[in-house]
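Notes to accompany the following structure.
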Amino acid sequence: GCKKDRKPCSYHADCCNCCLSGICAPSTNWILPGCSTSSFFKI
C-alpha cells in the first residue's frame, strides 16, 4: 500500500500520487496540479 499525504517517502511507490522533497503530496496539490498522473518528482 501507499502512505498517506504528507507522510515521509523515499520512492514514488511509497505514495498514492507523487513525492516532493521526500513528502507524499496530495493529487490536489496546487503547486503540482494533477500530480497523481504526472511524472514522479523527488527534490
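Each Cβ is built from the backbone N, Cα and C atoms, and glycine gets one as well.
Cys2 (disulfide bond) falls outside any helix or strand according to DSSP and counts as coil. Other Cβ atoms within 10 Å of the Cβ of Cys2 (disulfide bond), summed over all protein chains shown, number 14. What Swiss-Prot records for Cys2-Cys16 (among others) is disulfide bond.
Secondary structure from DSSP puts Pro8 (4-hydroxyproline) in a beta strand. Using a 10 Å radius centred on the Cβ of Pro8 (4-hydroxyproline) and all shown protein chains, the other Cβ atoms total 12. Per Swiss-Prot, the feature 4-hydroxyproline maps to Pro8 (among others).
For Cys9-Cys19 (among others), the entry in Swiss-Prot reads disulfide bond.
According to Swiss-Prot, the feature disulfide bond maps to Cys15-Cys24 (among others). Cβ-based neighbour count (10 Å, all protein chains) for Cys15 (disulfide bond) stands at 25.
Here Swiss-Prot flags Cys18-Cys35 (among others) as disulfide bond, drawing on similarity to another entry.
Residues or ranges marked as 4-hydroxyproline in Swiss-Prot: Pro26 (among others).
Look at Swiss-Prot and you will find Trp30 tagged as 6'-bromotryptophan.
Swiss-Prot lists Phe41 with the feature D-phenylalanine.
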Using Cβ-Cβ distances, find the residues under 8 Å from Cys24 (disulfide bond) that belong to the same chain and are at least 6 apart in sequence, listing them in sequence order. Cys2, Lys3, Lys4, Asp5, Arg6, Lys7, Pro8, Cys9, Asp14, Cys15, Cys16, Asn17, Cys18
Simplified DSSP label at Cys16 (disulfide bond) comes out coil
Pairwise Cα distance for Cys19 (disulfide bond)/Pro26 (4-hydroxyproline) [Å, integer]: 9
When the disulfide-bonded residues Cys9, Cys16, Cys18, Cys19 are compared by other Cβ atoms within 10 Å, fewest goes to Cys16
